Every structure is written in C-alpha cells, then in structure tokens.
Amino acid sequence: ALSTSLDIGLSNWSFLYVTVSLYTMTKSSAILFILLFSLLFKLEEVRVALLLVVLLIAGGLFMFTYKSTQFNAQGFVLVLCASFLGGIRWTLTQILMQKADLGLQNPIDIMFHLQPLMFLGLFPLFAVFEGLPLSISEKRFHFHEAGMLFSLVGRKLFLGGILAFGLGFSEFLLVSRTSSLTLSIAGIFKEICILFLATHLLGDRLSLLNWLGFAVCLSGISLHVILKAMNSKGEKALKLHKEASSDPDLELLLRHTEHGE
C-alpha cells in the first residue's frame, strides 16, 4: 500500500515540472524495475526471449520520445522514483493476489484492503506540502461561488475518480490472471495512446526516429503476446499429460487415440 500510494503521489507531483512526453518516457522504465523485482522474488525466470522483449520495448519507447520532451531534473527524479516504487508495487501485488490462501484474487477485495492504507501513506505528504496552502488559499480551488465548486467536484473530480477506479480494477484483475510483467507490457499501449493524444492536443511533434521507435515498441509487444500464447499451449499440454499419467483409463484412451492417428 505504501509503494502504491507513493507511486501515484510522486507521479502526479511530477506533472508540475515535466511534460506528458517526458513523463511517459521516464515512467516506461518501470518495466525494467518490474522485471528486476520479478527475478528477485522468483516470479519470472531469466530467459533470452524475455530480455529481448524488454529491450525492444524500452528502446522503442526511448526512440519514440527522443527529443520530443522538455527536460526538467526535479520532475525526472520524481518520475524515476515513482517507476522504482511501481516495480515494487506490482511485484508485491502479484504475490498477494496469486496466493490462494490469502483470498485476495478478487480485485475488489484487494482494493478494499489497500486503499485505506494508501490514504494513510499519502496523507502525511499532503499535510506537509499542500495542506496548509490549500486551506488558506482560494486561488487553489479557482472558484468564487458554491456553484463553481459543485461543478468542479461533480464533473472533474467525480469523473476522474470513476476512471481511476476502473483503471485500478482492470490492473488488479490482469495481475491476478497473468503477471505484473504482462501488466507493464500491456500498459505500453496506454502510454503510446497518451503520446498520440499529446501530439494532437498539446502540439508535440514526432520525427521519423520517433515513428521508428513506435514500430520497435509494437514489435516487442507482439513478441511478448506470441511467447505468452506459446507458453500457455505448452502448459496446457503438460497439464493434460500429467492428468493422463495419473488416470490409467485416460492414459489408455490417449494411447488408442495416438495409434488410431
């Protein structure tokens, strides 16, 4: 819960200093931290194909955002710390959700247990850095009457809260069914969409190198999907073989089928 709250808090804080493109480029390094902690906790095995996927995606994202950002050291450090904490966050989340004896496979269950602790983790930072200024400054809210305040809370904050809930639910559901590394790789598509929106809405320009990086990144994602599909088929075949060896009747039936073929 602490790593999750700090990941979200530092990520939001960094937007005071960096552009969307720089944030996206730096936050994509989270996949490297997730791989590191997955290897440390033995959730993933070291494979050449896996390392190739990570290198393709990381290299492609760097090329995709090269020279399209305005660098800021303070914001860069904040996003990098958030990426490091994100690696810890999703690795521990996978351990929690995939332990059957804990009973936290349901995304609603883990959100119910984590979010109160996340609030406690972020509240001290809020109180120190924003609590007093927000309590005494009207300009921070940008309203002069109750109707404007209700509009802000009802439309922007409420809608943002619903979107955040949906994002958290889908992320936890994906981790419970696959892995934290798969979540990170799937999230690259989200980051590419963010960069496209930044290009069209905020006026960012992409060069030929940026588009080449986009193609490299998509190739890494495609390779991961193919490898996952192949591993899934292999695991199903191995499971079927084990079940057949434990059941003599089923094993005899499979042998007859093989001879018939």
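Even glycines carry a Cβ here, placed using N, Cα and C.
Pulled from TrEMBL, these are the features on record:
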type	residues	note
DOMAIN	10-223	domain 'Sugar phosphate transporter'
TRANSMEM	20-41	transmembrane segment
TRANSMEM	48-66	transmembrane segment
TRANSMEM	72-92	transmembrane segment
TRANSMEM	112-129	transmembrane segment
TRANSMEM	149-169	transmembrane segment
TRANSMEM	181-202	transmembrane segment
TRANSMEM	208-227	transmembrane segment
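Between the transmembrane segment (20-41) and the listed ranges 48-66, 112-129, 208-227, the one holding the most Cβ pairs under 8 Å is 48-66.
The average pLDDT the prediction assigns to the domain 'Sugar phosphate transporter' (10-223) is 77.
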